[in-house]
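This report concerns only the one structure given below.
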Amino acid sequence: MPGPQRRGAGGTGAAGGDNRGGGGDNRGRRDNNGGGRDRGRGDAGDRSNFVERVVTINRVAKVVKGGRRFSFTALVVVGDGDGTVGVGYGKAKEVPAAIAKGVEEAKKNFFRVPRIQGTIPHPIQGEKAAGVVMLRPASPGTGVIAGGPVRAVLECAGIHDVLSKSLGSDNAINIVHATIEALRGLERPEQVAARRGLPVEHVAPVALLRAQAAGVTA
């Protein structure tokens, strides 16, 4: 009788082997989850289609009971170079992590910018806090006449010819957000005409309408 009991114990051991096999299956499922992370990295590869500009990186400190805790902030502008742009602000203990957070926030703030022949439809001014940015259309070949923070936003938005001037605060955060406010305020000739109840010819130059009819708008 003791012998069969040992064989029964051996059978139980076999069942335990099956359980370990099940554990192997679970490990396989964890590997599948890893595949999900690979898909996430694939999405990260798709981000190469976007233009990312780090405008400024600052080190900040928080005073706590035990001393100071340092971290980094990053102001990032992201666009596709074809009329879509957004700005984000990230904060983390390491610079790469702060930039990554800024990029993700910028993508959540994407919006479309009206363009005609690589420039803006009309002059406009944007304000944010003490920062003021003035933008004016320019003829083809002029280039982007702008300072660092303004240039980063305009180039990410796909604007190739524009004149700009920054007034007031020289803080990069204020300047970037003032530029974003200016771009958000841009309107197409059709939108202005509809708001005023006038024909399009009465609110836009003939050359602008010809360029728009030629299919060079965005």
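Our numbering is plain: 1 for the first residue shown, then up by one each step along the chain.
Even glycines carry a Cβ here, placed using N, Cα and C.
Quick look at what Swiss-Prot lists:
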REGION    1-46  region 'Disordered'
COMPBIAS  8-25  compositional bias 'Gly residues'
COMPBIAS  26-46  compositional bias 'Basic and acidic residues'
DOMAIN    50-113  domain 'S5 DRBM'
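Across the domain 'S5 DRBM' (50-113), DSSP helix (H, G, I), strand (E, B) and coil residues number 14 helix, 38 strand, 12 coil.
Mean model confidence for the domain 'S5 DRBM' (50-113) is a pLDDT of 94.
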